[in-house]
Structure formats: structure tokens, C-alpha cells
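Listed in TrEMBL:
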- B:64-85: transmembrane segment (TRANSMEM)
- B:92-112: transmembrane segment (TRANSMEM)
- B:118-138: transmembrane segment (TRANSMEM)
- B:150-172: transmembrane segment (TRANSMEM)
- B:192-213: transmembrane segment (TRANSMEM)
- B:238-265: transmembrane segment (TRANSMEM)
- B:277-295: transmembrane segment (TRANSMEM)
- B:302-324: transmembrane segment (TRANSMEM)
Amino acid sequence: MLALKDVTINYANRSIIKDVSLDVHAGEIVSIIGPNGTGKSTILKAISKRIGVAGGSIMFNHQNLTDMSVKEISRLMCMVSQSNSSPHDMTVGELVSYGRLPYKKWYERMSKEDEEIVQWALSQTHMEVYRERLVQRLSGGEAQRAWIAMALAQQPKMLLLDEPTTYLDIAHQLEVLDLIKRLNKELGLTVIMVLHDLNHAVQYSDKICVIHRGAVHAYGKPADIMTRQLIGQVYGVEAEIEQVGGVPRIHIIKKSNVKDVSKMMNIKPMDIAVLKENYQKLVGGAQSVFLSTIALDGSPFLSYAPFVEHDGKVYVYLSQIAEHYRNLEANPAVDVMLVADESATKNIFARERARFKGQAKNVGNEGYEDVFAKFEAKFGTPTFKMLRTLDFSLFELTLAKGRYVVGFGQAFDVDFAGEHFEHVNRDAHGLDVKPSTKQGE
Amino acid sequence: MFKGSTARKSMLLVIMLLLLILSTLIAIGIGSVSVNPVVTLQTLFGYGDDTSSVILWDIRIPRVLLALIVGANLAISGALMQAVVQNPLADPGVTGVSSGAAVAALFIMLAYPGASVYVPIVAIAGGLLAAAMVYMMAWQRATGFQPVRIILSGVAVNAIFGGVIGLLSLLYSDRLPSAIQWMNGSLAGKEMSDVLMILPYSLAGWIIALLSIRQVNVLRLGEQTAHNLGQNMNRVRLMLSLLSVGLAAVSVSMVGLVGFVGLVVPHIARMLIGSDYRYSLPLGILLGAIILLLADMIGRSLFSATQIPAGIVMAMLGGPYFLYLMRKGGA
């Protein structure tokens with residue numbers, strides 16, 4: 001029914017939405033979720049042609065939106081926002097009557113048929129008794145129902161809802177969502193809504209589209225896409241997911257420490273500049289820090305990341321770690337990489353050294369053996385001590401010359417005090433590791 | 001009090017219409033030679049004596065008609081502008097039309113006093129030019145005409161022209177008194193030909209405004225909803241702005257700068273009859289006409305030696321009334 005293809009939306013010369021593609025079938029409820037400021041509402045606005053697209057196309061029943069007038073579009077879809085403004089003296093009946101406007105020429109008045117449709121819209125939303133009430137005197141939930149009634153009076157094929165439950169208490173949230181679900185079922189109304197509550201999205205949607213940094217991070221049935229990893233990557237929170245009758249139920253535990261790494265490592269923008277500057281040198285000349293890691297299948301192994309020393313501290317170029325994530329992705333037996341527990345990794349340096357003996361090269365075209373040797377010569381034999389695990393983990397890397405803390409985990413997405421390492425050729429999982437300029441440049 | 005039923009709203013409109021007729025008759029009668037209402041009516045229907053005929057037809061009636069027309073124009077212009085920029089503090093001047101007209105008119109009046117007959121036409125040109133500047137500045141390809149940009153461009157353009165007005169006043173301070181009447185909106189010395197000049201444009205504007213009421217009404221629901229209901233926001237904003245600018249331009253060019261009506265009358269209308277423009281716009285038209293008429297009447301009869309421009313009277317008497325309505329809790 002609705003097809004977005006490679007839609008790019010710019011605002012003030014910055015792209016807010018980049019290459020978003022989305023297929024919505026007739027009769028579906030699709031929820032768009034994602035952190036604040038990722039462009040969810042922008043997508044809804046583009047679908048309703050409130051804002052134009054800079055690239056790509058939006059098709060409604062195989063007809064391009066750009067070929068349709070605003071009035072034609074207003075007969076196909078209607079948008080209801082989190083809060084809508086109405087004059088202080090407008091009644092519910094008047095408001096809903098405005099829903100007939102898309103069908104009226106400028107000289108036409110309300111006909112008997114229009115009146116019936118208004119009545120029908122009011123009854124569908126159980127608002128008949130409120131007809132003479134002032135919209136501004138309604139409670140949040142009633143007001144939202146009044147606006148949905150106006151949308152219904154437009155007899156749209158599709159309902160767009162921008163955070164329809166944001167200002168409502170939980171009972172009214174459910175009431176509005178139940179109403180939407182019922183309209184979807186009984187009238188076959190296609191619904192696209194932006195929601196914040198993940199459990200509501202899961203519970204009320206046929207499909208969920210996760211938007212992260214202006215791109216589609218995942219799109220599919222709630223049970224298929226809602227994973228701890230996804231929630232961790234997109235929202236930076238730790239969550240547990242329980243399956244209740246085939247429907248995932250999400251419990252948010254706490255905020256991950258992803259962003260704390262900048263504090264832990266004392267990395268400042270200046271340091272990042274040093275990192276960048278040295279990157280080429282590092283991969284060419286190869287000094288690496290070893291990180292102890294373990295895959296979910298239980299096998300511990302060492303990974304490495306280039307580092308620099310600056311002001312007596314070691315900084316690790318964390319993007320390098322993402323390379324390993326990608327390697328792991330290629331291996332279906334490995335779900336996700338976690339940091340090893342202490343016992344498994346205590347002597348991993350020696351073990352890995354033995355394992356890599358004779359193997360040819362690493363990133364810096366240096367023999368692994370040489371790296372191990374160089375490292376040991378410089379720092380002594382490292383021992384690993386785990387500080388904590390989960391989506392993000394921290395390591396205290398104990399070397400002969402001192403203690404260093406390095407971050408690990410979702411490190412490739414880490415935000416160093418507001419400065420991103422953006423990864424250009426990011427693949428579907430956001431795992432490409434090419435270093436690039438910081439965001440906004 | 002009349003915010004309730006349609007019947008009461010209609011009644012208020014009828015009362016206001018009667019008030020308009022009544023005040024028109026009184027205004028025609030009042031002046032240095034007063035004519036009682038009966039004689040006024042007689043004269044209007046062609047049964048008056050020669051003296052009163054001359055006084056009424058050549059002096060009073062043109063002036064009264066002009067007050068009615070200009071008052072109505074400015075009230076509509078202000079109401080449309082407030083709807084377009086969704087800001088209750090907007091008045092016709094937001095579009096730069098008044099300051100543009102003032103600069104052009106002052107330039108003629110001060111620098112080339114001999115060409116004063118051209119003041120109206122030059123003022124119209126100046127007003128339209130300033131408004132065009134404001135809208136050109138406000139336009140953005142991505143977002144079209146955003147209300148806040150219209151207001152900001154208006155503020156900037158008004159500031160520029162305000163500076164020019166100050167400069168002109170300084171350079172030609174000796175000739176300034178001749179321009180003071182115009183700067184404060186004066187209806188003195190107008191003839192029937194002036195009335196006939198602006199009547200067709202004003203009538204056309206009123207008709208278009210009344211036909212656009214639905215568009216104006218939808219704007220009350222906010223930009224997003226208006227868009228959802230199939231309104232091409234840029235087209236609507238531009239059309240209503242053009243209408244507002246046009247009505248203000250012809251008015252200002254004829255009588256000079258009349259403040260207050262455009263800003264306050266739409267509010268008074270809303271306080272009395274509610275926000276629905278189907279009622280508040282007609283009421284605003286009637287109110288604008290009555291208020292300017294009364295202001296002019298008071299201004300010309302208060303002191304026999306000096307005619308006080310209508311704009312000054314309105315501001316001094318209308319302001320307190322507006323405050324009273326506001327305190328009473330109308331809006």
C-alpha cells in the first residue's frame with residue numbers, strides 16, 4: 001500500500017533521514033520506534049507530504065506522492081499528533097466536521113451525508129455524548145479520541161499517529177491504543193504510528209520499524225526483531241526480554257555504561273584527534289593492545305586493538321574491535337561476543353601466543369609473533385581482570401608498567417563526550433569499521 | 001455573553017449593524033454646523049435644503065464613508081494577518097506595508113511637497129514593495145512561508161523603514177507639521193472622488209475575505225492539522241497575505257497610518273462573538289467601521305480649532321476599552 005524507497009530527507013543542509021525504505025501493507029499496524037531525534041516524526045511528515053524528500057520516492061498504491069495534491073492526500077490519510085491545538089471555543093462536533101473539508105469544494109456546504117459521516121466518526125470513537133463539549137475542556141484521552149474522530153471523518157485509508165499517547169496516563173494510553181487497534185481490525189484501517197513505549201509497540205503492532213540515526217536499523221515482526229542486542233545498540237540500555245505467549249515483553253534494567261567510557265578512559269576531544277592522527281601509523285607500525293574476549297559458545301580468544309600512549313595513558317582505538325564483531329557475525333554459531341570471565345582469560349595471553357605461533361600477519365602486516373613479543377617487551381606480560389560484563393564491559397588491563405582501563409563491548413558506537421566515530425560503510429548491522437570524520441563535519 | 005448559540009451570535013451582528021447605521025447618521029450630523037438626524041435623513045433622500053446638502057454631500061458624507069471603508073479594511077487586514085502568522089500580536093503592519101507606504105508618502109510630502117497629489121499612488125507602491133520584500137525574505141525553499149520568518153522579516157524591514165522615516169523627519173524637520181496628520185491617520189479633507197477610488201478595491205477585498213472564511217477558520221487548528229485537511233499552506237498563507245496587504249495598502253495610501261484597528265478590533269470581535277471567523281470576521285468589519293467612524297467623529301468635534309487625527313483618538317480611547325475587555329476575561 002505504502003512504499004518508501006531510499007527516502008532521504010534534508011533539513012538545513014543536513015540529512016535527517018538517509019536511504020530509508022519501508023513497505024507497509026494494507027491493514028497493517030506499523031510502529032516506528034527509536035531514540036529521540038532520530039527522525040521518526042520526520043518520516044511521518046514526509047509520508048503526509050508535510051515536508052518534501054530530497055531523494056527517493058514515496059508511493060501510495062503505486063502512485064507517487066509528488067504527483068498528488070495536498071487535498072488528494074488528505075482523503076487518503078490523516079495525521080494525529082501528540083498534542084493538537086484547537087481554539088478555546090470549538091466544540092467536538094465542530095472539530096470533527098472539519099474532517100469533511102477534504103471532500104468539499106470551496107463553495108460547498110456540509111450535506112446530510114457529511115453530517116452522517118461525522119455522526120459515524122463520533123460513534124466509532126464513543127464520542128457522541130461529547131459532541132457539544134468544548135475540545136479544550138476534554139481530558140487528554142478524550143481529546144485524543146476527538147482528534148481521531150476528526151481523522152475518521154476524513155475517511156482515510158491510512159492513519160498516521162505521531163506519539164498519540166505521549167501526554168496520557170497509562171489507562172488512557174491503553175484506551176487510545178485499543179481504539180486504534182479496533183479501528184484497524186474493524187475498518188481495515190492501515191496505521192503507522194510513532195511510539196516511545198517499546199512494549200506498546202510490540203503489543204499493538206504487526207510490524208516494528210526501528211529507526212536509529214536516520215536509517216532503518218531493523219524492520220519486521222516484533223518477535224523477530226526485538227532483541228537485547230537491538231535495544232542495547234539503539235537505546236544504549238540494558239534490557240531483559242521475556243517471551244509471553246509468543247510476544248516479547250521487554251524489561252528495561254538500566255542505562256548501559258556505553259557513554260561512561262569516555263570518563264573512565266579520560267578521553268577528550270583532543271585525545272581523539274591524536275587517535276585519528278595516529279591511526280595510519282598504528283595500523284602500519286602496529287602497536288596493539290590485547291583484549292581478552294569470549295564468544296557465547298564459550299571459547300575465549302584474544303583480540304587486539306591499536307593504541308596510542310598520550311599523557312601517560314593508553315588509549316585504544318576501539319573501532320578495531322568491531323572487526324571482530326563482523327567476523328563473529330559470519331559465524332552463525334556465535335551470537336554475540338562477550339567479555340570473558342576472569343578465570344577463562346587469566347592466562348589467555350600465553351595461550352593465544354602459542355596458538356598464533358607461526359601465523360603470518362595481522363592488520364599491520366606484522367607477524368602475530370612479533371606483536372606479542374613487542375608488546376611483552378614494552379609492557380610485560382598482561383593479566384586480565386574483569387570489571388564487569390554485559391553489553392558493555394570494561395577491562396582493567398594490568399601491565400607491568402601500570403594499570404590501564406580499556407573499554408569494550410559496544411565500543412564501536414561509543415560516544416566520546418559527544419563526538420562520534422561515525423562508520424561510513426556501515427553494513428546492515430552497523431558494524432563497518434572504517435574510521436571517518438566525526439559527526440557533523 | 002454572546003458566545004453561545006448561533007441565534008445569539010446572529011443577533012449580535014444585527015445589533016452591530018443597527019449601531020453602525022445609527023452612528024453613521026449621528027456622525028454625518030455632527031460637526032462645526034450640526035445637522036439633526038431628521039434633516040440628515042431628509043437630505044440623504046434628496047429632500048434637504050441647499051446648505052445642508054452641500055455640507056453633507058461634499059464634506060461630511062465622503063469623510064464618513066471613508067472612515068467606514070478604511071475601518072473595515074483594516075479590521076479584515078488585521079484579522080487575516082493574525083490568522084496567517086498564528087500570532088495574536090500581528091497587525092497589518094507586520095507585512096511592512098505601513099512603513100513602506102509611510103516612507104514613500106513622507107518622501108513626497110517632505111522632499112517634493114508640490115507633488116502631494118501623488119501621495120496615495122506612491123504610498124500604495126511603497127507599501128506593496130515593502131510587503132514584497134518581507135515575503136521574499138521570509139520564503140524558504142524547504143519550508144515555504146513560516147509564520148515566524150514572516151514576522152522576523154517584517155520586524156527587520158519595519159526597522160529599516162523606521163530608520164528612513166526618522167532620517168526624512170530629521171532632514172526636513174521644518175516641513176514636518178504638514179505630514180503629522182498623515183502619520184497619525186487623518187480623514188480630513190477627503191472628497192467623494194477619494195471614496196470612489198478605494199471603494200471598488202475594498203469591496204472586492206471584502207468579498208474575497210468573506211469567501212475565504214473557511215480557509216482562515218482551518219488555520220485555527222494549527223499548521224499540521226490544516227495541512228492534514230488538505231490545505232496547501234503556502235498557497236493559503238500567500239493568498240490571505242496578499243489580501244491583507246492589499247486592503248491595508250489602499251487604506252493607508254488614502255488616510256495615512258491608522259494603528260489600533262488592525263491589531264485590536266479582531267480581538268474585540270473574538271471576545272464578543274468567539275473565534276469562529278464566520279462570525280468574528282463580519283463582526284470585525286462592522287466594529288472596525290464603527291470604531292474608526294467614532295474616533296474620527298470625536299477627533300474632529302472635540303476641539304473646534306484643531307482636528308485630532310482619528311488614529312490618536314482611537315489609541316487613547318480604544319486602548320483602555322480593550323484593556324477592560326481583556327480584564328473581564330474575554331480572552
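Any Cβ shown, glycine's included, is placed from N, Cα and C.
Residues 94-105, 107-109, 145-146, 149-150, 152-154, 156-157, 161, 182, 194, 197, 238, 241, 245, 248-250, 252-254 of the same chain lie 6 or more positions beyond the ends of the transmembrane segment (B:118-138) yet place their CB under 8 Å from a CB of it. Same-chain residues lying 6+ beyond the ends of the transmembrane segment (B:92-112) with a Cβ under 8 Å from its Cβ atoms: 74, 77-78, 81, 85, 118-119, 122-131, 133-135, 150-151, 153-154, 157-158, 161-162, 164-165, 168-169, 171-172, 175-176, 178-179, 182-183, 241, 244-245, 247-249, 252-253, 256-257, 259, 262. For the transmembrane segment (B:150-172), the residues of the chain that approach it from at least six positions outside its boundaries are 84-85, 87, 90, 93-96, 99-100, 102-103, 106-107, 110-111, 130, 133-135, 137-138, 237, 241, judged by C-beta separation under 8 angstroms. Comparison of B:64-85, B:238-265, B:277-295 by number of C-beta pairs under 8 angstroms to the transmembrane segment (B:302-324) places B:238-265 first.
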